[in-house]
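All remarks here apply to the structure that follows.
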Amino acid sequence: MSDGRVNADQEQEQNLVKPTGKRSLILILTTYFCLFVGSIASSLLAKYYFVHGGSSRWVSTWVQSAGFPLLLTLIYFPRYVFKTTTRRPFTRFTRRHLLFSVLIGFFLGINNFLFSWGTSYLPVSTSSLLLSTQLVFTLILSVLIVKQKVTFSNLNCVILLTLSSVLLALGSSSDKPAGLTKSKYYIGFASTIGAGLLFALYLPVTEKLYRSVYCYAMVMELQLMMELSATVFATIGMAFDGGFREMVNEANHVFTKGPTVYWTVAIFANVVTWQLCFAATSGMVYLTSGITGGICMTALLAMNVIGGVVVYGDKFGGVKIVSTVLCIWGFSSYIYGMYTKSKKAELMEKEKGEYSGVKTSEDGGDMEVEMGNVKDDVAAVDDRV
């Protein structure tokens, strides 16, 4: 490749990763809105499948990642349809990127399977609050993997959200659904905790991986490979367990709402909302940090609790009320801490004329600026994974 072509690529990459503060804020708000819709809808629809007669945990696992082809629109449409970028899809997508995304996707598939076990046995409100236990492990792993700085705001948030889960665990004996054995209830309980722990590892590991990319489109390309890998894992499980035959049988003979609702709501809507949730999670991790993405998702779990009470009539006694309040309190304190920190950073950076409004070194470990800024030696980026 000629020096002129290299310089042109470097200039293009610099332009891609330096949006204005206003554009960055709009991108973050849009991503969080997608996370809000995807997280709540996917949790409720996952339970909807089991409530109305669905019983295959492999089917529930498969729909969580099978929507990966939808990401192709985010990857190819900006260049070939909307003409908003000149970057070719999968530019600088290396074999290391492929290897790490496939490995992460495999563990994501295991996470999805554990989540399906938990969802099949537990009320939505209980499983949602249990998943918040991942935060303390996300913080610890973020410190170890991406050198996340521990601040009062993120430590306070983690403590409050963890207390929320501990309270729920102490009062869980009265929350067991009628007709469900204690053994199955505790299997669901342990599976959900396991899913939370795996997700706690997923967040900082993906943050580390995203530091080797230079634009939002590359994040979606990595996410595509992760979801493809998770789908292969689920498809193998489906094939060995007879999941595809079971889908047809459930649709025609088991599902209480009929085959049309089964395919459109229990399957297709699940596929779309889960993909929206995971894609938005990746976007939040890239634009902010792994711990911030985890906190944002945990805050949405409080909305899932309320959704479970409203949609499925889950019990909402004193323990869940206190747990939900602690969840909201912890998230609010973290948001306030981020706000005050960003204001200080804005004042300092405005003096230098460099502020862009998204990510500081305190939020993102070694990163000095948001959006994965590329150094002058762009070729070195691929070796940082």
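Glycine residues also receive a Cβ, built from the backbone N, Cα and C atoms like all the rest.
Annotations in TrEMBL come from automatic prediction, not curation.
Annotated in TrEMBL:
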- 25-46: transmembrane segment (TRANSMEM)
- 58-77: transmembrane segment (TRANSMEM)
- 98-117: transmembrane segment (TRANSMEM)
- 129-146: transmembrane segment (TRANSMEM)
- 153-173: transmembrane segment (TRANSMEM)
- 185-203: transmembrane segment (TRANSMEM)
- 215-240: transmembrane segment (TRANSMEM)
- 260-279: transmembrane segment (TRANSMEM)
- 291-312: transmembrane segment (TRANSMEM)
- 318-339: transmembrane segment (TRANSMEM)
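Pairs of Cβ atoms less than 8 Å apart link the transmembrane segment (291-312) most often to 318-339, out of 185-203, 260-279, 318-339.
Counted as Cβ pairs under 8 Å, contacts with the transmembrane segment (58-77) are highest for 260-279 among 98-117, 129-146, 185-203, 260-279, 318-339. Three or more CB pairs closer than 8 A are found between the transmembrane segment (98-117) and the transmembrane segment (185-203), so contact between the two stretches is assigned (pairs 6 or more residues apart).
Within the chain, the transmembrane segment (129-146) has long-range Cβ neighbours (under 8 A, six or more residues past its boundaries) at 118, 122, 154-155, 157-158, 161-162, 164-165, 168-169, 189, 192-193, 195-197, 199-201, 203-205, 207-208, 211, 289-291, 294-295, 298, 301, 305, 320, 323-324, 327, 364-366.
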